Amino acid sequence: MGMLSLPGFLSCGKKKVAEKDGHASSSDENQERGNWANKSDYLLSMVGYAVGLGNVWRFPYLTYQNGGGAFLIPYTVMLALAGLPLFFMECSLGQFASLGPISVWRILPLFQGVGITMVIISTFVSIYYNVIIAYALYYLFASFQKVLPWSDCFFWADEFCSKTKIVSDCNATLNGEIIHANYSYITSNNLTCINDTITYKPVQFPSEQYWNKVALQRSSGLDETGHIVWYLALCLLLSWMIVGAALFKGIKSSGKVVYFTALFPYVILLILLVRGATLEGARDGIEYYIGKQSNITKLMEAEVWKDAATQIFYSLSVAWGGLVALSSYNKFHNNCYSDAIIVCVTNCLTSVFAGFAIFSILGHMAFVSERPVSEVVDSGFDLAFVAYPEALSKLPVAPLWSFLFFFMLLLLGLDSQFATIETLTTTIQDIYPKLMKKLRIPVTLGVCILLFFLGLVCVTQAGIYWVNLIDHFCAGWGILIAAVLEIIGIIYIYGGNRFIEDVEMMIGKKNCLFWLWWRVCWFFVTPVLLTAILVWSLVTFSTPSYGSVLYPTWGTAVGWCMIIFCVIWIPIVAIVKIVRAEGNLCQRIASCCRPATNWGPYLECHRGERYSHIVDPQKEKEHEIPTVSGFVYKRE
C-alpha cells in the first residue's frame, strides 16, 4: 500500500487548526488534544486522583486492625509487586497513544470492552462519590456555629443518646452475699459494683445520632425511600457546580485548581497532627496505630496480606481509566517511569502520615471518655462522620478543628472527582473530537448535570443505602476483573516485550537489568496477585449491609445487575469484533488479537519506523476505507 503524507502538519505534529479548542494552546505538542501546561500540573492531578478519602478513613483503621506498624511490611511489599507495576503500565499506555481508556484499546481490539467497563464503573462511582463530597460540605457548613450541633444531645436526640456510658446493672456485695441488681438499686443503697460485672445500657453518642437523624434523616432500610433531603441535595448541586467550574476548560483549568486542592490537605493534616500530638492521650492512640501495640505475628495471617494488596490496589486508583486519561495529555517523551514512582510513593506516605493525625486525636477522645482506643476507632463513614467529629467536639475551639477536617475531606474528594469526570470527557473527546472542539464547555456541564440528577436517589432518606450498595458491588469486582484482563491482554496477547519497546520509544533505551523487575512483575507476580484477590473476593462474598441493616433481596439483585451491566461489555464487544472480522473463527480471533492499523503514537513525528504504517483516521477522511471491524486502511 502506498504511503500518503498527512497534510497540514508542521514539525512534531503541530497542525494549523482553524478552530481553537480551550483544551489546547499554541504551545502544545499535540494541538489536536492538548497537553498539560507543565509537568507539575500533571503530577499534582495524579497525586490528587490517587490520594483520596480512603487514605484518611480506611488505611489508618486497616493498619490498626492488622498489626499496627507490622502492617507496613505487607503494605510496602504489595506496593512493589502489585500497585506500582500496574500504575506504571497504565501511565505508559495512556502517554504512548495519547488516547483515553476506551480508544487506547486499539492495542487489542478484542479487549476494548475492558475500557468500556472502566468508564462505566467510573460513571457509577462518580455518582456516589460526589454524594460523599456533599456530606463533607454539609458538615463544613454545620461547623460555622459557636457550639457544634453534634457536641451534645439536643432536641433531635432520643432517650438512647448519651455522651457517657450509662450503667444498667452489676454485681455487688450485700450482707456478705453477692447480689445482681440494677444500678439505681445499687446507688440507692450505697453499694459498690464489683469490677468486671458492670453491664451498660445500649446508648448512642450525639455524633452518631446527629449523623443518622439530622444529616441523613436515615430511613429504616432500602425499602423506605422517603423524601429527598433538601439540604443534602443543595450540597450535591454545589459539589457538581464546583466540579463543572474546575473542568470547564479541561486539563487547562483543572491543572491549575489542583495546586490548591492537592496541596492544602497536607497543610491541614500537619495542623491536625501538631494539635493532636499536644493532647493528653495522643500517645496511646499513636501506639495503637503504629507503636507498642504492633503485632508482628499478624504477618502469618493471609487476611493481612489480602487487606494490604486490596488497599494498595484501590488507593492508587488503577484500572479505573483515570490514569490512562490523565497520562494521555502528557508530551510523548515525558518520563512516565519517574512520575509513576513519585505518585505511588507520595500516595503511600500520605496514608501513613494521615494515620498519625487521625489516631492522635482519637487517642485523646479515648482518654477524655475513659474508654480504650479500640472502642473509639472506626473506618469509613463511621470514622469520618461519627468518631472523628465526636473527638473534635471535645477540643477547645472545636468549630475551627471541625472546619479544617471537613475542608480537608472536601478537597481530597474533589481531586479524585476532577480526574474521574475528566476520564468521561476524555472518552467523549476520543469518540467525538469535533464535538468537543466546538462544545467542550456545554458537554462538560451536560455530563455534570446528568450525573447530578442520577445522584438524587443517593440524597433521599434511603440514600446512604444506595451509596453503600454501589460501592459494595461496582467498586469491587468490576475493577478487579478489568485489571486482570488488562494486564493479561497487554502482556500475554499484545506482548510484554513489545510493550517494553513502546515504553522505550518514550523514555529511551534501557538495559536488561532495568527491565528485570518489571518483567518479573508484569509476566507473573502482578497477574497472580490480582487473580488471587479477585478469587478471594468472590469466595468471601457476603450480602451487603449497612451497619445492622440488611438489604432486601431485590436490593442485592439490583447490585448484581449493576456489576453485570458494567462487565457484560467485555464479552459483548469481543463477540462483535469477532463477528465483524473476516475468515474462519480462528482467523477472526487472531485478527482481533492484533493491534488495529491505527495503533501507535498519536503524532506522526513520534512514530518512527516501527509505526510508519499508521493511518490517522481524523486527518485523511478522503483517503479512508471504513471497514466493519472499525479499522481504517489507506487507498492505494
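Just so you know, glycine gets a Cβ as well, placed from its N, Cα and C.
Taken verbatim from TrEMBL:
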type	residues	note
BINDING	G48, A50, V51, N55, S315, N347, L412, D415, S416	Na(+) binding site
DISULFID	C153-C161	disulfide bond
TRANSMEM	42-59	transmembrane segment
TRANSMEM	71-89	transmembrane segment
TRANSMEM	110-141	transmembrane segment
TRANSMEM	228-248	transmembrane segment
TRANSMEM	257-274	transmembrane segment
TRANSMEM	308-329	transmembrane segment
TRANSMEM	341-367	transmembrane segment
TRANSMEM	400-421	transmembrane segment
TRANSMEM	441-464	transmembrane segment
TRANSMEM	476-495	transmembrane segment
TRANSMEM	516-537	transmembrane segment
TRANSMEM	557-579	transmembrane segment
Cβ contacts under 8 Å made by the transmembrane segment (308-329) with residues that lie 6+ beyond its boundaries: 30, 33-36, 42, 45-46, 49-50, 52, 54-55, 58-59, 62, 66, 71, 74-75, 77-79, 82-83, 86-87, 90-95, 97-101, 104, 115, 118-119, 121-122, 125, 251, 336, 344, 347-348, 351, 416, 419-420, 422-423, 426-427, 475, 479-480, 482-483, 486, 529-530, 532-533
Among the ranges 42-59, 257-274, 476-495, the one whose Cβ pairs under 8 Å to the transmembrane segment (110-141) are most numerous: 476-495
C-alpha spacing of C161 (disulfide bond) relative to L412 (Na(+) binding site), in angstrom: 31
Neighbour count (Cβ, 10 Å) for S416 (Na(+) binding site): 24
Other parts of the chain folded back onto the transmembrane segment (42-59), taken as Cβ under 8 Å at six or more residues beyond its ends: 36, 132, 251, 254-255, 258-259, 261-263, 265, 311, 314-317, 322-323, 326-327, 329-330, 334, 339, 342-344, 346-347, 350-352, 354-355, 358, 379-381, 383-384, 408-409, 412-413, 415-416, 418-420
G48, A50, V51, N55, S315, N347, L412, D415, S416 excluded, remaining Cβ within 8 Å of their centroid (Na(+)): V47, Y49, G52, G54, S317, T350
Same chain, 6+ residues apart, C-beta under 8 Å of the C-beta of V51 (Na(+) binding site), given in sequence order: A262, P265, T346, N347, T350, L412, D415, S416
Distance from S315 (Na(+) binding site) back to C161 (disulfide bond), taken between C-alpha atoms, in Å: 35
Tertiary contacts of the transmembrane segment (476-495), as residues 6+ beyond its ends and Cβ separation under 8 Å: 86, 89-90, 93, 107-108, 110-111, 114, 117-118, 121, 313-314, 318-320, 522-523, 526-527, 530-531, 533-534, 537-538, 563, 566-567, 570, 593, 595
Densest Cβ neighbourhood among C153, C161, L412 (recorded positions), 10 Å radius: L412
Positions whose Cβ lies under 8 angstroms from the transmembrane segment (516-537), at least six residues beyond its ends: 78, 80-82, 84-86, 88-89, 306, 309-310, 313, 476-477, 480-481, 483-484, 487-488, 491, 496, 500
Euclidean distance between Cα atoms of C153 (disulfide bond) and G48 (Na(+) binding site), Å: 37
For the transmembrane segment (400-421), distant same-chain residues with Cβ under 8 A (at least six beyond the ends): 45-49, 51-53, 55-56, 122, 125-126, 129-130, 132-133, 136-137, 139-140, 143-144, 148, 239, 242-243, 246-247, 254, 257-258, 260-262, 264-265, 268-269, 271-272, 275, 317, 320, 322, 325-326, 384, 388-389, 392-393, 444, 447-448, 451
G48 (Na(+) binding site) CB neighbourhood, other CB atoms within 10 A: 27
Beyond the flanks of the transmembrane segment (341-367) by 6 or more, those residues with Cβ under 8 Å of it: 43, 46-47, 50-51, 55-56, 59-60, 63-64, 72, 75-76, 79, 83-84, 87-88, 266, 269-270, 272-273, 275-277, 279-286, 288-290, 312, 315-316, 373, 375-377, 383, 387-388, 390-392, 394-395
